[in-house]
Every structure is written in structure tokens, then in C-alpha cells.
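What TrEMBL records for this protein:
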- CYS35-CYS252: disulfide bond (DISULFID)
- CYS84-CYS95: disulfide bond (DISULFID)
- CYS100-CYS106: disulfide bond (DISULFID)
- CYS157-CYS241: disulfide bond (DISULFID)
- CYS162-CYS224: disulfide bond (DISULFID)
- CYS170-CYS187: disulfide bond (DISULFID)
- CYS191-CYS200: disulfide bond (DISULFID)
- CYS201-CYS211: disulfide bond (DISULFID)
- 1-22: signal peptide (SIGNAL)
Amino acid sequence: MASLSLSLLTLSLLSLSAFSNAAYSPMTLTIVNNCPFTVWPALQANTGHDVLEGGGFELRSLSHRSFAAPEKPWSGRIWARTGCQPGATPSSLHCTTGDCAGRLQCAGLGGAAPASLAQVSLHHGGVDQDFTSYGVSLVDGFNVGLTVTPHEGHGQCPVLGCRADLTATCPDVLQVRAPAGSQVVGCKSGCAAFGTDELCCRNKYNSPHTCRSSKYSDFFKHSCPQAFTYAHDSPSLTHNCAKPKELKVIFCH
């Protein structure tokens, strides 16, 4: 009996060792700027997850930046900041859209609306499944078109995004203009424009049954049907992409 118990203990320890040595598949994150102007990508991790690339950097037109994704579960959002000017210190940066408290590196801070968001969740479902999920949200408005593209994954791995330039057709009441001049640089959500509980899906409207689309969210949905356009929106396209080797976020795609 003692020998049997020892054998079972040995097998248990070997199983634990194998589990602890298991690793998620390596993955590269690549951010591409196809816009005809410089953008400053920003990255915000969800609570408890690592800040990547300091949370933000400069990316000139027609260039890209690649870096290793965490080899553990990670989730967060990525967006472009536009119309940025350096501040009084090397670490400061003030942007017309997507600004994160006037910082070059957002270091965990979110961005000011309006901003088109890529939302990603890496390495979920366990090591054996190792799923990556992603989507595009215009709930906080729009500043540049973007797509999210996985490479060399298995299963459901569609390209998702909003390719349209909605600044060109944005209704007057939603327009955000550059500080100097008449150029439209962003398109606010109905919530940001009017601040009502109904449009913001707050209080009694904060449920899938009471939070509804509006003519303002419908404007975004018409051009970008794959995107989330209000708080309880649920685009029909679902996916779980297994073990992609690369995930690209492309601005102005």
C-alpha cells in the first residue's frame, strides 16, 4: 500500500510539473499606421494585466511596430491618438483625440473620447485551446478607421474592423473639430454629445433589455456593422481564433 501511495504521489507531482511547464504559444503584436499622418498608438491593459510598450509611442505614417505579446492571458484595448503636440517635458503629449492625461506613455490610463478602439483578449480558454478574441468598438466614438487581423491561427479567425472614414460623413451634432481650423478630426457618440441616461445606457437603461440603439449609434453601425456601437450592442459575428502567430491592429486600413 505504501509503495502504491508513493507511486500515485510521484505521478501527481509529474502531472503538476508538466502543467507548470506548459506555455501559451508565442505571439507577436503588430501595430501598423497606414494613415497619411503620424499617430500615437496607446495601449491600456485591463486590471491586473501588464502595461505593454509603456502604454504608448509615436508611429509615423506608413510604418509599423512589432513586439512580443505576453505569454500568459492578457486583455486590453488599443487606439490611435491624433493631432498630438509635445508638451513642456519629454514625457508629455497633448492630443486632439484619444489623449491620455497629456502623457506620451499612457502607463495604464484610458483615452479621451472620441477614439476608435481595438479590444483584444489573448490566451484565454486554457493552454490547450489558447484562444485569441478581438473586436472593434465605436461606443466611445470614432477618430480613425482600423482593423484587427490575426495571422496563421486556427478556427474562426476573421478580419474585423471599421474601414470607413466616418469623419467625412459625421453629423454636425457629433463632430469634433481641430483646435485651429474647420477640419473634422473625430465623431462623438450620442452619449458624449448629449449625456442622457438613455444614450449613455446608465441607471434604468443599464441592461440589455433597456439599453437600445439610437439614431446616433445607427450612424456608426450603418458604415461599420461589425463594430460595437452602444454599450449593450452585440454584433452577430463571433469568433475564437486558436493560437495565431501574430495579431495586427491596422489604423486607416
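In case you wondered, yes, glycine gets a Cβ from its N, Cα and C as well.
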Quiz prompt | Least buried by Cβ count (within 10 Å) of the disulfide-bonded residues CYS106, CYS200, CYS224 | solution = CYS200
Quiz item: Closest of the disulfide-bonded residues to CYS224 (disulfide bond), Cα to Cα, picking from CYS35, CYS84, CYS252?
Solution: CYS252
Quiz item: What's the CA to CA span in angstrom from CYS106 (disulfide bond) over to CYS95 (disulfide bond)?
Solution: 12
Quiz item: So of all those disulfide-bonded residues, CYS95, CYS100, CYS211, which one's Cα sits nearest to CYS200 (disulfide bond)?
Solution: CYS211
Self-check item: Cα distance (Å, whole number) from CYS191 (disulfide bond) to CYS252 (disulfide bond)
Solution: 25
Quiz item: C-alpha of CYS84 (disulfide bond) to C-alpha of CYS211 (disulfide bond): distance in Å?
Solution: 34
Quiz item: Looking at the disulfide-bonded residues CYS35, CYS100, CYS162, CYS170, CYS187, whose Cα is closest in space to that of CYS201 (disulfide bond)?
Solution: CYS187
Quiz item: How many Å separate the Cα atoms of CYS211 (disulfide bond) and CYS191 (disulfide bond)?
Solution: 12
Exercise. Name the one residue among CYS35, CYS100, CYS162, CYS170, CYS191 whose Cα is closest in three-dimensional space to that of CYS241 (disulfide bond); these are the disulfide-bonded residues.
Key: CYS162
Quiz item: What Cα-Cα separation, expressed in whole Å, is found between CYS191 (disulfide bond) and CYS170 (disulfide bond)?
Solution: 15
